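K.L.:
My questions will all concern the structure given below.
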Amino acid sequence: MSLNIPGLVSLSVFFTISLATGIWASWKSKDQQNRNPTEMAIVGGRNINVFIGLFTATATWVGGAYINGTAEIVYLPSKGLLWLQAPVGFALSLVIGGFFFVNPMRLKNYVTVMDPLQETYGNLMGSLLFIPPLLGEVFWFAAILASLGATMRVILDVGGSLAIIISACIVILYTLLGGLYSVAYTDVIQLSFITLSLASPWICIPFALVNSATESIYYTATHQSYQGPWIGKIEIQDLGRWLDDFFYLVFGSIPWQTYFQRVLSTASPGQARLISYLSGLGCFSMAIPPVLIGAVAASTDWNQTSYGLPSPLERGESAMILPLVLHYLCPAYISIAGLGAIAAATMSSADSALLSASSMFAHNIYRKILRKKATEAEILWAMRTSMLVFGAGATGLAFYSRSVYDLWFLSGELVYTLLFPQLCCSLFAPSTNTYGSAAGFVVGLLLRLLAGEPALSIPPIICYSACSLVNGTYSQLFPFKTLTMLLTLGTIIIISYLAELLFQRNLLPHRWD
């Protein structure tokens, strides 16, 4: 396979347009520097309109890993469509977030998701609770860069490392220059490109369907062909894990700065809710083309293509099934356009993760803990410096793609089990206090870590019911993540009540408080 020159040129044009848009948006933001400059960088001066807000919120969720992962889950014989939970889970998450969480956050003019936590539980607890989302954003940035690198290696036959470095540099540069303004306006370009390029998968689907190597996806949905039916099935013993993963996607997707950064940047709570609802619909609809591509892949005799045997599954390349379908079952111009969709999706999520991590560090750690008397200019420089550090670190981690995905999953689960109950209590149970928060943090962290993590070869200390040993690795089939989240929530409420009671009745001296 030789270097794909047309694909490389088209991708270079897309990168150039994205960078130019980001630089233009940074100039536009400087026209409004009479506003608070830090607030301009983090929440766009709270004047992002509904159109821009909808584009940037949707583009944040529809990343390269989202598109590739959707096709992969449908393709895998051990999973299938019934195990595809992200589109519905993310959509419900955005609807629930808009219904319950947007109003209290927007009415108080919070800047980050950490603000209500620091306001309720203090800066010390805030700094501890900052760690899981920070790790999650950095690992997520690295994971989606790795996804783009793998795709370019398949379609363009260029080194994945070069793609990772170029993409990271472009994202860091325009995010550094313009903050949320640059991210939001480039998201408009990127989501437009995704939509147009996802017309490419819509166009490529007929090519793939009529390919002589592909059997009818209607037949293979429920019948054995070259592999098991792509509709998949959920065994009774797997139902607990299925529900656990689904609740994790629905509720664990709420307490992220990438989400609140969008809804907090609007002019009113009503606009924020509207953006949240509509972006949920957009997120779900964007999953349809990769679902069909995964179904086509599961219905293909790869021996009849130039890819040959063994199949992508047997070669361990199922994670790249979407670019493989575009490349081996469709004309060259279709695969190039599909690569553009993946590149756009990758950049739209990468810049959001980078801005999110640096915003929380500058606003909640540097300003509120490290330098309480820092000037606005100093905070901006702290934010930009942290962007460079986090961006460089994530780029380095992207070269360890499999490990970084596993680390992102674990940090995401910590956000669900630790941060979600803390956010709920700070917003809806204001009587909770730092004692309850600290106890909940310790209980949740211990329970999650003691449950083990097979992807990282961490054996479980606590084996819940239905814990099974498969190929030397323990697998928890019980919904332990959701149980841990509920126990963390209960611990915060109960310990807060007990601590207040003990001090009020002088059972503990007030000087200990």
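Cβ atoms here come from the backbone N, Cα and C positions, even for glycine.
Per TrEMBL, the feature transmembrane segment maps to 6-27, 48-69, 81-102, 123-148, 154-176, 188-209, 274-298, 319-345, 379-400, 407-429, 458-477, 483-503.
Structural setting of the listed features?
P.N.:
When Cβ-Cβ distances below 8 Å are used as the criterion, the transmembrane segment (6-27) is approached by residues 152, 155-156, 158, 166-167, 170, 173-175, 177-179, 181-186, 188-190, 193, 332-333, 335-337, 339-340, 343-344, 347 of the same chain, each at least six residues removed from its ends.
Beyond its flanks by at least six residues, the transmembrane segment (123-148) meets 63-65, 68, 113-114, 117, 160, 163-164, 167-168, 255-258, 319, 342-343, 346, 349-350, 353-354, 356-357, 360-361, 364-365, 368-369, 390-391, 393-401, 404-405, 407-408, 411-412, 414-415, 418-419, 422, 434, 437-438, 441 of its own chain at Cβ-Cβ distances under 8 Å.
Within its own chain, the transmembrane segment (154-176) has Cβ neighbours under 8 Å at 1-4, 7-8, 11, 15, 18-19, 21-23, 25-26, 145-146, 148, 182-183, 186, 320, 323-324, 326-327, 335-336, 338-339, 343, 346-347, 350-351, 354-355, 384, 387-388, 391, 394-395, 398-399, counting only residues six or more beyond its boundaries.
Beyond the transmembrane segment (319-345), the same-chain residues lying 6 or more positions past its ends with a Cβ under 8 Å from any Cβ of the stretch are 4, 6-7, 10-11, 14-15, 18, 59, 62-64, 66-69, 71-72, 75, 147-148, 150-152, 154-156, 167, 189-191, 193-194, 196-201, 203-204, 207-208, 211, 213-214, 290, 293-294, 296-297, 300, 302, 305-307, 312.
Sequence-distant contacts of the transmembrane segment (379-400) (same chain, six or more residues past either end, CB-CB distance under 8 Å): 37-38, 41-42, 137-139, 141-143, 145-146, 149, 161, 164-165, 168, 171-172, 175-176, 179, 353-355, 357-359, 361-363, 366-367, 371, 407.
Remote same-chain residues near the transmembrane segment (407-429) are listed as 101, 104-105, 113, 116-117, 119-121, 129, 132-133, 135-136, 139-140, 142-143, 248, 251-252, 254-256, 397, 436-437, 440-441, 444-445, 447-448, 453, 455-456, 481, 484-486, 488-489, 492-493, 496 (criterion: CB distance under 8 Å, separation of at least six residues from the stretch ends).
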K.L.:
Would you mind listing the long-range same-chain contacts of the transmembrane segment (458-477), meaning Cβ under 8 Å and 6+ residues beyond its ends?
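P.N.:
237-238, 240-241, 447, 449-452, 483.
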